[in-house]
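Q: The domain 'Glutamyl-tRNA reductase N-terminal' annotation in TrEMBL covers 6-157. Sequence annotations record features per position, and here TrEMBL assigns substrate binding site to Thr49, Cys50, Asn51, Arg52, Ser110, Glu115, Ser116, Gln117, Gln121. Under the heading NADP(+) binding site, TrEMBL lists Gly190, Ala191, Gly192, Glu193, Met194, Ala195. Annotation source TrEMBL lists domain 'Tetrapyrrole biosynthesis glutamyl-tRNA reductase dimerisation' at 321-420. If you look up TrEMBL, you'll see 434-471 marked as region 'Disordered'.
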Amino acid sequence: MHIITVGLSHKTAPVEIRERLAVPESRLGEALTRLCSYPGIKEGLLLSTCNRVEVYAVVDAVDAGYHRVQEFLADTHLSLSSEQLTPHLYWHTGDRAIAHLFRVASSLDSMIVGESQILGQIKEAYDAALTHKATGVVLNKVVKKAISVAKRVRTETKIAETAVSVSYAAVELAKKIFSNLSERTVLLVGAGEMAKLAAKHFVAQGVRHIRVTTRNPVNAIELAKRFNGVPVPFDDFPTEMIASDILLCSTGASHYLITPEQVQHAVRQRMNRPIFLIDISVPRNIDPAVRHIDNAFLFDIDDLKLRVEQNREERLREAEKAESMVAEEVGVLQQWMKSLEVTPTIVALRSKADAVKKAEMERLQARLNQLSPQDQEMVESLASAIVNKLLHGTMVTLKAEADSSSGALFVEAARRFFNLEEAAGSVRTSARCTRPEAISGQTEEEASYRAQNEENDRMRADQPVRLRQPS
């Protein structure tokens, strides 16, 4: 049993390839079913976004698994040949596959480090895999852990706290001048894409009063409606500055639209209350001489880009902390993965010992019937205690060595010593890409641990048994 990752991303493939390989939500179920139909693929999850397409799978054999997943990806879009696809693919297995998912979920592998959208996309991909019964014990554990790691990274680092886009940097600077944006009025001069993005960020930060003006009144009306704002005539914007705390200018004009005289007048009418001006136009639309006016704070596109670059460097420093967290969490999960390898042997050993005990008890049943019910119970307990004590050392050693480099050798030795090949094999075999019904309302993961937990309980309860003295 191995976990692998095969995929491509914005780092390895141009958008022309990514868009051809993307799987729409309407076809996700069919794609997962097809993925799980390949021989040797036990569990599967498909992550398809605008920046990456990745398959996470649990397979019997690594090389065969890589081949099957690559074949699946090539078949996803018939116009994309394997020869076209292969140069853009990357492969990971074991702890590297787990680490990759953790890094993706934590946005460490994103085009913009620290962005939050990818975590939601992973949750959606996981929900789809659950719906179509494509995941099992391993991927359920791995994906849930990835989500947990991503939340830890966002909580314990500042990786998502600083702006890495010009539009958001403008909002970030506004928050430094006005501590509470909810009571501030924003005037948008122009309705370009940057203005739309900035308006979106302002609203997300609590701004409730947005006014929009453009040379084209239709554009002003449409943008104002989108953010519950108010359109105003373009010729009136110098007057509108008086009532505006924040002015963002983003037009295609080739000259200064806002002069120092206009800003000076607005500041006086505002009783020297500060006004924050953001010029993200190229060429600039606000005369840079405005910087010399008291209580007028002007930032242009270069100021914002400098801020973005500083923030990007800060995010990279925070990303180093996040990478350490990922490495730590991968180690924890690897121990769990290795413990899975020993569980079938422990279960098989317990089953065989219990079968031997049961057979011997049945062979002596005629003699046991001569004893009182209490004595029969004592004999049963004695037999169980002997079995527990004989197995105890082997069980403890197998568990202790599960995550060591010699773990597989200990498992193989136990199977040979106790002739467990047939029994162990039956325990380890599972249906492909199905999630068995939980036992007595248990979740799948709880059901998976059931046998091992029962064994742990037996070992903890291993106490000496005394026969009742005859009267």
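From the backbone N, Cα and C atoms, a Cβ is placed for every residue, glycine too.
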Q: To test your reading of the NADP(+) site: which residues beyond Gly190, Ala191, Gly192, Glu193, Met194, Ala195, same chain only, put their Cβ within 8 Å of the Cβ centroid of those residues?
A: Leu188, Lys196, Leu197, Ala198, Ser250, Thr251
Q: Once the DSSP letters are reduced so that anything not helix or strand counts as coil, what is Ala191 (NADP(+) binding site)?
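A: Reduced to three states, the DSSP call for Ala191 (NADP(+) binding site) is coil.
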Q: Near Ala195 (NADP(+) binding site), how many other Cβ atoms are within 10 Å of its Cβ?
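A: Excluding its own Cβ, the number within 10 Å is 24.
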Q: Determine the minimum-neighbour residue: among Gly190, Gly192, listed as binding-site residues, which Cβ has the fewest other Cβ atoms within 10 angstroms?
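A: Least crowded of the binding-site residues Gly190, Gly192, by Cβ count within 10 Å, is Gly192.
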Q: Using the alpha carbons only, what distance in Å do you get between Gly190 (NADP(+) binding site) and Ser116 (substrate binding site) once rounded?
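A: Just about 28 Å between their Cα atoms.
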Q: Return the residues near Gln121 (substrate binding site), defined as same-chain residues 6+ apart in sequence whose C-beta is under 8 angstroms from its C-beta, sorted by sequence, else 'none'.
A: Leu47, Thr49
Q: Would you kindly give the Cα-Cα distance separating Ala195 (NADP(+) binding site) and Asn51 (substrate binding site), rounded to the nearest Å?
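A: With the alpha carbons as reference points, the distance is 24 Å.
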Q: Rank the binding-site residues Thr49, Asn51, Ser110, Ser116 by how many other Cβ atoms lie within 10 Å of each Cβ and give me the one with the fewest.
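A: Fewest other Cβ atoms within 10 Å, among the binding-site residues Thr49, Asn51, Ser110, Ser116, is found for Ser116.
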Q: So among the binding-site residues Ala191, Met194, who's got the most Cβ atoms within 10 Å?
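A: When each Cβ's neighbours within 10 Å are tallied, Ala191 tops the list.
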Q: Could you tell me the C-alpha distance between Gly192 (NADP(+) binding site) and Ser116 (substrate binding site) in angstrom, no decimals?
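A: That separation, Cα to Cα, works out to 25 Å.
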Q: Work out how many Å separate Ser110 (substrate binding site) and Met194 (NADP(+) binding site) at their Cα atoms, rounded off.
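A: Between the Cα atoms of Ser110 (substrate binding site) and Met194 (NADP(+) binding site), the distance comes to 22 Å.
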Q: Under DSSP, the domain 'Tetrapyrrole biosynthesis glutamyl-tRNA reductase dimerisation' (321-420) has how many residues in helix, strand and coil?
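A: Per DSSP, the residues of the domain 'Tetrapyrrole biosynthesis glutamyl-tRNA reductase dimerisation' (321-420) fall into 87 helix, 0 strand, 13 coil.
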Q: Roughly how many Å separate the Cα of Ala195 (NADP(+) binding site) from that of Ser116 (substrate binding site), to the nearest whole number?
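A: Spelling it out, the Cα of Ala195 (NADP(+) binding site) and the Cα of Ser116 (substrate binding site) are 22 Å apart.
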Q: If you measure Ala191 (NADP(+) binding site) to Ser116 (substrate binding site) at Cα, how many Å is it?
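A: With distance taken Cα to Cα, Ser116 (substrate binding site) is 26 Å from Ala191 (NADP(+) binding site).
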Q: Excluding Thr49, Cys50, Asn51, Arg52, Ser110, Glu115, Ser116, Gln117, Gln121, which residues of the same chain place their Cβ within 8 Å of the centroid of the Cβ atoms of the recorded substrate site?
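A: Residues close to the substrate site, other than Thr49, Cys50, Asn51, Arg52, Ser110, Glu115, Ser116, Gln117, Gln121: Ser107, Met111, Ile118.
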Q: About how far apart, in whole Å, are the alpha carbons (Cα) of Met194 (NADP(+) binding site) and Ser116 (substrate binding site)?
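A: With distance taken Cα to Cα, Ser116 (substrate binding site) is 20 Å from Met194 (NADP(+) binding site).
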